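According to TrEMBL, the protein carries these features:
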type	residues	note
DOMAIN	9-328	domain 'Cobalamin-independent methionine synthase MetE C-terminal/archaeal'
BINDING	His221, Cys223, Glu245, Cys306	Zn(2+) binding site
Amino acid sequence: MTDVHQKLFPTTIIGSHPKPKWLNRVRNLNEEGEFSDERLQEAMDDAVRVVADEHERAGIDILGDGEMRREEMVEYFAHRIPGYDFNGPVRVWGNNYFEKPSVVDELGDPEPMLVDEFEFTRRAVSEGHGVKVPITGPYTLYDWSFDEVYGDKRELIMRLADIVNDEIRRLADAGAKYIQIDEPALSTRPEDIDLVVEATQRVVDGVTKEEHDNIERQIMHVCYGDYGAIYPRMLDIPVDQFSLEFVNQDFAHVEEFAEHDFDKEIGFGCVDIHDREVEAVGEIKSNIERAFGFVDPEQVWVNPDCGVKLLPRDVAFGKLENMSQAAEELREEYE
Ligand SMILES: [Zn+2]
């Protein structure tokens, strides 16, 4: 039996999906003490089933739980890693606040953080689909926290890399095939690319697709920044695939990428998550074809620029559905 990723242009998501309004309501009721933790858990389980089904109906091959159990990509892990604490929200932009965690003690080993959610999602997904597990990478965990203990950037990043590696080992042993290491902080701090190369070596140690029977892909997602500043050094990061945003940057880096041998797969961001207009199938097809400027069709996976959680739910669905249709039509043309 062939795996779903072995066809041309497999479709996937980056991670987050809009939460059903009722889930937010249940979470508020839980915080106010009106709903038990057990009820919140049940609501999150139900939301995962609904969203996994939404991904399937939209035609996504390698899907996920839409991060229904996570509020934010650093906070989720910081709540689970011993040695982190929270001192209250920090203003990030406009009236948006972020619970920026602090490292207040030497970091201990957490209990498994993602294995239960992976196993639940896998059971919720029907035959012929894969499940991708996003995990926040050590550089972003470091960069979006305060350090009150280590005082040595490299030491803290490497400690976090060991923690992330332990978790990926557990996921791989549980049967996870597709891991996505999220490092959005990387492209805003290109001067730290060497540290990210070194940290990622430790993150994937023992769980590369060559080393672990279950693993098919180690993927890194980077968004927001200037990829040109980290290219081609970026190609030394030991992952099989980069999933990157292209539409929102107006394909600015396609030509730059073509200047060197792009010897990995590309998860090609082909729909804009900042635009509430659902792109037409034809437009998405020509977006995807921009990738052939620096890679062959066999190297291309198809995904949105980034997680779609800030879009209205029907818009998010419409974008994923048209994206899948575009990939399907291209598959017929290129096979
Ligand atoms: Zn992103």
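Please read every residue number as a count from 1 along the shown chain.
Every residue, even glycine, has its Cβ placed from backbone N, Cα and C.
Positions of the features from TrEMBL, shown on the structure.
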| residue | record | Cβ within 10 Å |
| --- | --- | --- |
| His221 | Zn(2+) binding site | 26 |
| Cys223 | Zn(2+) binding site | 22 |
| Glu245 | Zn(2+) binding site | 28 |
| Cys306 | Zn(2+) binding site | 26 |
Note the Cβ centroid of His221, Cys223, Glu245, Cys306, the recorded Zn(2+) site, then list each other residue of that chain whose Cβ lies within 8 Å of it, in sequence. Ile14, Pro184, Val222, Tyr224, Ser243, Leu244, Gly269, Asp305, Gly307
Using DSSP, would you call Glu245 (Zn(2+) binding site) helix, strand or coil? coil
